[in-house]
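Engineer: One structure, as structure tokens, below. Some questions next.
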């Protein structure tokens, strides 16, 4: 990922139809290896949306490029639609679908916890999803981490209280991943940059008019530039970790219920967390604890614990095979 | 004098190289073009005007390849016998060519792994013998690190993402905190193995290398058939692709020209089309994971090493990708891409300068030796 640049700002002619006629330039939010993420509106000027474009890769054969772009856009959209439960009943709790207590509560179990699909075009190579308000979990943790460094001074919070808040956030991360897995999907690229912390009350039911998006847009960035936090965030509580965790970027997601895939998913998150938030690394156990206990009607207790045991194996071999000549 | 002899024999190439690292302490006059290994090759001029260390001098770089008949691969036993038969001749010739005296040699470097057991073993014995005979310390070298360090020295790439692709290895590597870390790799067979085994089914010649002959055939192919495409994050898998393309090869042999291009339904599918299809598919996978690693670590340079790295189509695709990212691609020619002794000498000498030595009792070889096991303490 490179930092969001002003690359997009002059004209939109390089964007696929219908975004090339946008009267205002789209705001480039993030640029990954595969795709460009823009903020735009969809159908109504009042409906903010995230536009993900998979540009043509000139280095690969055009036929292959078309085939891959189509497959990937469709796969991502299918996973998102499945998760938001649009008319699809979802089994729960891993393999034991018939668990009477918890697992079955997950028909459309991720509704509101993943962005809804608004539109797509595999020929043009784009996917539009609902815009998620708030910032990334990564930014939130950085913010809190800074407050911790300053000893909580001026915030009226002791270091311990901050740690408690962090624990709460991490438990929520474990819950949401548990729910995702219970729905039969593994994310494939879990990091704190792929989790949004959406303040309560800013969820936009698709049909209704979204509220409060204009003032939030100032603090939005899924880009990896956490250190450019605007001064205005200090006006809020330094440690506002309230809100729902919403998972984004399902570009590498697959539909799977295998313990192995789920454990690798957790392992990827564990490694990413450790390298992004070294100071908070010892708190990561909260994520696994919440996951294993199936909090928030995620993985039911038994399935969750099996995955955690599998995670031990994955850790031991470091995800990788032992290398043969 | 900082001169090292390197012996390589992890697969079907036996290599002997002798390298000189001009010493750091004597502030020398600006290196004349004749000092540097790359100067005799205009295509691969180093882009580093301020390379941190003075350029290395290649005093000798000899190689002898065991070529098996078409339709077969190289077996460990025969390959080891080949290396035993040639190693004395090659060392003699290298010493003669390098014109160095025995007392100038600082250490004997050999490939400790990874690779095929039997060939590694025969070369390790040769290295031990030289070390005892000449009373020189031994340095066991990781083959992959040898490739990376040689690629950096030749191209002058400072801190590139490395794509290491050969008959035995497929890895995307980036340097961090004194280790070459593997960001992505093949989960089953290596890309070069996939190409080699495909060549066997079509009875494509192994001389000079099956991959080279596939590359030449692919230049006249233009139909892209559908193969599996197996990228998982930054990892790749080739065994399914091999199975599918082998099926296609058999279908082609049985069809007698009756298998037509599904798009146009006129021209028959040829060997060249299969080679083209295979190359386009597996190289797209490699470029994709490399791009992902570059985006991940924020690098713009990419270095391709290993035997498959000679392939010009792969270099071209990687070049377009790097250009789109505002970076550039670095590659070497067959002298340094394909397994060679000089890279072992180079990486061994770098380690030896930091005080690393392999005692005789530890001078073993191993088929499994991961790139990230090596402490790269000669880099910051």
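Each Cβ is built from the backbone N, Cα and C atoms, and glycine gets one as well.
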Engineer: Give the range, chosen from B:18-53, B:54-89, that TrEMBL lists as region 'Disordered'.
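Structural biologist: TrEMBL lists region 'Disordered' for residues B:18-53.
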Engineer: Taking TrEMBL at its word that B:143, B:147, B:164 bind divalent metal cation, choose the one of B:333, B:339, B:362, B:372 listed for that site.
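Structural biologist: Matched candidate out of B:333, B:339, B:362, B:372, per TrEMBL for divalent metal cation with B:143, B:147, B:164: B:339.
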Engineer: Which of the binding-site residues B:147, B:164, B:166, B:168, B:311, B:339 have a Cβ less than 8 Å from any Cβ in chain A?
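Structural biologist: Listed in sequence order, the binding-site residues near chain A are B:168.
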Engineer: The record names B:164, B:165, B:166, B:167, B:168, B:196, B:211, B:215, B:311 as the residues that bind substrate; what is their largest Cα to Cα distance in Å?
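Structural biologist: Of all Cα pairs among the recorded substrate binders, the widest measures 18 Å.
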Engineer: According to DSSP, which kind of secondary structure is residue B:164 (divalent metal cation binding site) found in, if we only use helix, strand and coil?
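Structural biologist: Note: residue B:164 (divalent metal cation binding site) is in a strand by DSSP.
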Engineer: Tell me which residues of the chain lie with their Cβ under 8 angstroms from that of residue B:168 (substrate binding site), as long as they are six or more apart in sequence?
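Structural biologist: For residue B:168 (substrate binding site), the qualifying residues are B:10, B:11, B:114, B:115, B:116, B:190, B:192, B:193.
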Engineer: Measure from the CA atom of residue B:311 (substrate binding site) to the CA atom of residue B:147 (divalent metal cation binding site) and give the result in Å, rounded to a whole number.
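Structural biologist: With distance taken Cα to Cα, residue B:311 (substrate binding site) is 16 Å from residue B:147 (divalent metal cation binding site).
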Engineer: Which one is closest to residue B:339 (divalent metal cation binding site) in space, judged by CA to CA distance, out of the binding-site residues B:166, B:211, B:311?
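Structural biologist: Comparing Cα positions, the candidate nearest residue B:339 (divalent metal cation binding site) turns out to be B:166.
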Engineer: Quiz question: given the binding-site residues B:143, B:147, which has the greatest number of C-beta atoms lying within 10 angstroms of its own C-beta?
Structural biologist: B:147
Engineer: Report the same-chain neighbours of residue B:164 (divalent metal cation binding site): residues 6+ apart in sequence with Cβ closer than 8 Å to its Cβ, ordered by sequence.
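Structural biologist: Same-chain residues close to residue B:164 (divalent metal cation binding site) (Cβ under 8 Å, separated by 6 or more) are B:144, B:147, B:148, B:170, B:171, B:172, B:173, B:305, B:306, B:309, B:371.
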